[in-house]
Structures are given as structure tokens and as C-alpha cells.
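Please read the structure below before turning to the comments.
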Amino acid sequence: MPIRIDKKLPAVEILRTENIFVMDDQRAAHQDIRPLKILILNLMPQKMVTETQLLRHLANTPLQLDIDFLYMESHRSKTTRSEHMETFYKTFLEVKDEYFDGMIITGAPVEHLPFEEVDYWEEFRQMLEWSKTHVYSTLHICWGAQAGLYLRYGVEKYQMDSKLSGIYPQDTLKEGHLLFRGFDDSYVSPHSRHTEISKEEVLNKTNLEILSEGPQVGVSILASRDLREIYSFGHLEYDRDTLAKEYFRDRDAGFDPHIPENYFKDDDVNQVPCLCWSSSAALFFSNWVNHAVYQETPFXWRKIXDDASAYGYL
């Protein structure tokens, strides 16, 4: 799939070396199709790494996507140059009058804080409320999923005894579900978090479908029946070495972290870590774009407001 992004974005050259088709504005303007508009709220500290990870997985269908990156203006990134943010990212005020077919909300390293103590919480709350009428399908990842469930349904997050870090098995629970088309009965994916949600709260407080779960990770992916809300607590987008970098970062900072489970051969951190989730990741993101976004989104974006009323969002 051609993804349409600023040709100066650092991720472009990485993606081109991987034979991923990236299209600039000039070429895209000559294609007589309505591209899908995707907004990515990138809350991860290593912005450029996350950009590349997500764009790589969004490039798996023949559809043309227009990608915009969003950041919280009430938070200043300490790990990404301000020039990068000013060049390639938009603020909520800059996009609030636009309509998007899909949105991805990433994880964030703030799960140790109560939601209300996150410095950009009020701006995040306003953005999520806005998304009900301006975005058709929203994919929430990790902390983004916990925050979305808390704001929409009052589902709490709970501190775990120790960090969940590793590659874990999960079972698919709804045979033939569109998000899991092409999946086997079980799959593995990276998880990296200190907090979890309660399955009982999900069942009692929401009408969401639990689509996958595992013995170590608990609830893994859930979604509304119309696929306008999708919540994933793992990190299918992660690269082979992402968990390794997190482990070495924490070890070097003196935190004595556990070695990520099911990741390094024989738990030897000098070995190259396994990569055993890339096919599942490609399927999942492709299914989201094809079935939750492309098949369902209204051709005219402003129809989303009418759909929001019909689905009970307004």
C-alpha cells in the first residue's frame, strides 16, 4: 500500500530500503482515488522509532493512506528534537476541524501515574471526546488502550506485582472475526507494561467483545461490535530488538529488571532475540485498515457525526 507522508520524514528512507512504497504529495495528487486519512497520536518517547514501526505495518494493503502525526501540545518531549515535532507533527487545535477515517493512539511511559496526574490528560480527554464525531475507527495501544477504557467506561488500571515483559501466547476467541482474519487459533506478541485491567470490569462496565486473551497477559484485544473502538494491550508493532532495548535501558539505570520472557534464547541476553510475531502484526494492522476503516468508513467524513448519533455516541 502506498503511504503518503512528508518525504523529509526520517522514517521514509528506512522504509524505502525495506521496499515499502512511500508516496509524496505530488505523486499522490495524480491518483484519482479518495485516500484514507489516518491520524497517529504518538505518545511514545522515541518518536521516530514508533513512526517507523507503525508506518511499516500500515503499508500492507493496496489502499492509499494519508498519514498525519499528532502530539499533545501540553507536553514537551524530552527525547525528540523540537524541530522534528514542529516539522512533522500537528497539534490538536490544527486537526480539530478535520475528519479522519482511522486513528492510532500509542502507548506512553506514564502508567505509574494516576490518569489525572498525566500532564497532558485534559488535552487527551478533549481529543478522545472529539474523536467520537471526527474519527471512524480508533485503535488504542497499551496505555492508550487503558486510558481509552477509563475515559469511556470507567475501567480502572491496576499495578502488577512485577513488570510484564516478553513474548506471550494468546488465543483468538471469535472464530472468523474480521480483525483476526487469517490468524491461527493462537498467536504470540510482545507485551511490556506494569499495569493491567480487570476482565470482570470489562464484562460488567462495557459492551465490548473480548477477542483474544492469554494466561500471562489476561485480556489482550477487545473491540466494539462496529469496530469503531479497538483496544490492544500488547505491542504487535514492536521491532525485534525493542524489548531488548527496554531491558538494557532499565538495567543500565539500575532498576534490576527481569529478562523478557520467551525472548532471548536460553535467557542469554547476548543472543539475538527472537522475532515470531511479525506475520500476526502484519495481518492485524492490515485487517484493521481493510475491515474496520476502509469497509466501514463513510465516504464523506462529515457523515461520521450522523453515525455517532446512530451508535449512541451523541
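Backbone N, Cα and C atoms are what each Cβ position is placed from, and that goes for glycine too.
The active site, acyl-thioester intermediate annotation in Swiss-Prot covers Cys142, and the record cites sequence analysis as its basis. Annotation comment: Swiss-Prot describes His235 as active site, proton acceptor. Swiss-Prot lists Glu237 with the feature active site. Annotation source Swiss-Prot lists substrate binding site at Lys163, Ser192, Arg249. Among the features that Swiss-Prot reports, site 'Important for acyl-CoA specificity' is placed at Glu111, with the record citing sequence analysis. Swiss-Prot lists Ser192 with the feature site 'Important for substrate specificity', giving sequence analysis as the kind of evidence.
Taken residue by residue with DSSP, Arg249 (substrate binding site) is part of a helix. For Ser192 (substrate binding site) paired with Glu237 (active site), the C-alpha to C-alpha distance reads 12 Å.
One way to see the shell of the substrate site is to take the Cβ centroid of Lys163, Ser192, Arg249; the remaining same-chain residues with a Cβ within 8 Å of it are Ser165, Leu243, Glu246, Tyr247, Asp250, Pro257, Pro260. A 10 Å cutoff on Cβ-Cβ distances gives Cys142 (active site, acyl-thioester intermediate) a total of 25 other Cβ atoms nearby, all chains included. Nearest by CA distance to His235 (active site, proton acceptor), out of the recorded positions Glu111, Cys142, Lys163, Arg249, is Cys142.
Here the recorded positions are His235, Arg249, and the one ringed by the most other CB atoms within 10 angstroms is His235. Pairwise Cα distances among Lys163, Ser192, Arg249, which the record gives as the binders of substrate, peak at 14 Å. Calculated from their C-alpha atoms, the gap between Cys142 (active site, acyl-thioester intermediate) and Arg249 (substrate binding site) amounts to 20 Å. The Cα atom of Glu111 (site 'Important for acyl-CoA specificity') lies nearest to that of Lys163, taking the recorded positions Lys163, Glu237, Arg249 as the candidates. Listed in sequence order, Thr50, Gln53, Leu54, His57, Ile141, Ala281, Phe285 are the same-chain residues six or more apart from Glu237 (active site) with CB atoms under 8 A from its CB.
According to its DSSP assignment, Lys163 (substrate binding site) is in a strand.
Around Lys163 (substrate binding site), the same-chain residues six or more apart in sequence whose CB sits under 8 Å from its CB are Ser192, Arg193, His194, Pro257, His258, listed in sequence order.
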